[in-house]
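Over in TrEMBL, the protein carries these features:
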type	residues	note
SIGNAL	1-20	signal peptide
DISULFID	C24-C39	disulfide bond
DOMAIN	53-198	domain 'Cupin type-1'
BINDING	H100, H102, H146	Mn(2+) binding site
BINDING	H102	oxalate binding site
Amino acid sequence: MILPIFFMLSFLLSSSSCNALDFCVADLKTPQGLAGYSCKKLELVTVDDFVFSGLHAGNTSNLIKAAVTPAFTAQFPGVNGLGISIARLDLAVGGVVPMHTHPGSSVIIVVIQGIIDAGFVSSANKVYFKTLKTGDIMIFPQGLLHFQINAGTTPALAYVSFSSPSPGVQILDFALFGNDLPSNIIEETTFLDDAQVKKLKGVLGGTG
């Protein structure tokens, strides 16, 4: 009889211990590791750590006519360790978010205003593409290439939610043409000719 009671008490105590840490507000003064940031001391945590007021319209006066305003751990320490985050996406007329991937997160996008062409490519190279209108929601599975294009004649607005507080991002065009990867390597691996590669490197700031 004593043994079952002992195990029950041990279970209750371990459960209580696991639930003792309700949250882990990021201490941004510490290095970020694979599991996120270290927790801020509890006595230093305030309600402001759980409120973010920065999802304002972004500046779309750029090459892609798009702006992403993130509320990731670095901007919103309260999401650290919770497996969630959010961002605002503004697309001017003609705006585009080129093919990109979030290595650490799946994505849900909800269109608030305008019309957005959106889609992703599976690992089997099958394309899933849809024109989204106000109120529509679409999922982009973790790690898969996806894109968004303003398909309307007015600015578009969407909110994007992530299954990670720090989802990471890699934009395909910049990964290929926005760095110092030698042009001949790009030509051999993409089947583009020298003039095309040099033109894209010039547009996206690449060298080599």
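Yeah, the Cβs are placed from backbone N, Cα and C, and that goes for glycine too.
Each of the binding-site residues H100, H102 was ranked by the number of other C-beta atoms within 10 Å, and first place falls to H102. Residues near C39 (disulfide bond) in space but far in sequence (CB under 8 A, at least 6 apart, same chain), listed by position: L21, C24, V25, A26, D27, N80, G81.
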